[in-house]
Amino acid sequence: MGAAAAEADRTLFVGNLETKVTEELLFELFHQAGPVIKVKIPKDKDGKPKQFAFVNFKHEVSVPYAMNLLNGIKLYGRPIKIQFRSGSSHAPQDVSLSYPQHHVGNSSPTSTSPSRYERTMDNMTSSAQIIQRSFSSPENFQRQAVMNSALRQMSYGGKFGSSPLDQSGFSPSVQSHSHSFNQSSSSQWRQGTPSSQRKVRMNSYPYLADRHYSREQRYTDHGSDHHYRGKRDDFFYEDRNHDDWSHDYDNRRDSSRDGKWRSSRH
């Protein structure tokens, strides 16, 4: 390494100087970073100082330290710009180290963020298509209407007895009308659906869910259950009375026939 190259490594270029800045001022300023050998402000042909200067340090380690410490400081309201002198070994090394780090730091988010955005948009598009397919079929709407009407009639009409107004606020006549309409629509739907879908619908019928209730849940509401059992017992009682009446009628008819035959014989 020659003397000129060693001197370039220990020298800084200071630009954007005010005309009032002197060599003594720069000497005192840069002496904070390390011992300074000399400071030189070049002059033009007219003898006026130029707007840049060269600061020569005694030690090479003071050069990067002075650049980090004093770069951008204002002298007479104007910030100074410190650079490595041309021919210095610090200048290409600093540029080669700082530029790839800056480039890599800025390129990595831009390279990953579009792919992440595209994956997010693809997931949103696929989910929207699935939702659209599930709700766009008219059979799903008709099936939902039939299931809702059957569930309402089984829960309020059959289990809790007949009432003038159920909890939904409709009268029995309106319910019967809606029930007939739902039966017609369900029969049309049953004709158009294959046997596999019909089995799925029979398995998902609402009244099958009542079989899974526990014994405690089944007997919690004593009033409604008692009323339901009373109506069921009345039906069996009427059925038994009807069977007894028919049996008595048959016996009387047979006895009358026997009497007629006996009267005709005698």
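Placed from the backbone N, Cα and C atoms, the Cβ positions cover glycine too.
Annotated compositional bias 'Polar residues' per Swiss-Prot: 90-115, in sequence order.
The compositional bias 'Low complexity' annotation in Swiss-Prot covers 173-188.
Taken from Swiss-Prot, the feature compositional bias 'Basic and acidic residues' applies to 209-266.
Among the features that Swiss-Prot reports, domain 'RRM' is placed at 10-87.
Classification of Gly2 (N-acetylglycine) by DSSP places it in coil, neither helical nor stranded. Sequence annotations record features per position, and here Swiss-Prot assigns N-acetylglycine to Gly2.
Feature annotation from Swiss-Prot assigns phosphoserine to Ser136 (among others).
According to Swiss-Prot, the feature phosphoserine maps to Ser137 (among others), an assignment based on similarity to another entry.
Arg152 (omega-N-methylarginine) is surrounded by 19 other CB atoms, counting those within 10 A of its CB over all protein chains shown. Residues or ranges marked as omega-N-methylarginine in Swiss-Prot (evidence: a large-scale study or a structure entry): Arg152.
Per Swiss-Prot, the feature phosphoserine maps to Ser204 (among others).
Here Swiss-Prot flags 90-118 (among others) as region 'Disordered'.
Summarising the annotation, Swiss-Prot assigns region 'Disordered' to 162-266 (among others).
Its Cβ taken as reference, Gly2 (N-acetylglycine) is surrounded by 7 other Cβ atoms within 10 Å in the chains shown. When the domain 'RRM' (10-87) is classified with DSSP, helix, strand and coil residues number 17 helix, 25 strand, 36 coil. The CA atom of Arg152 (omega-N-methylarginine) is located 101 Å away from the CA atom of Gly2 (N-acetylglycine).
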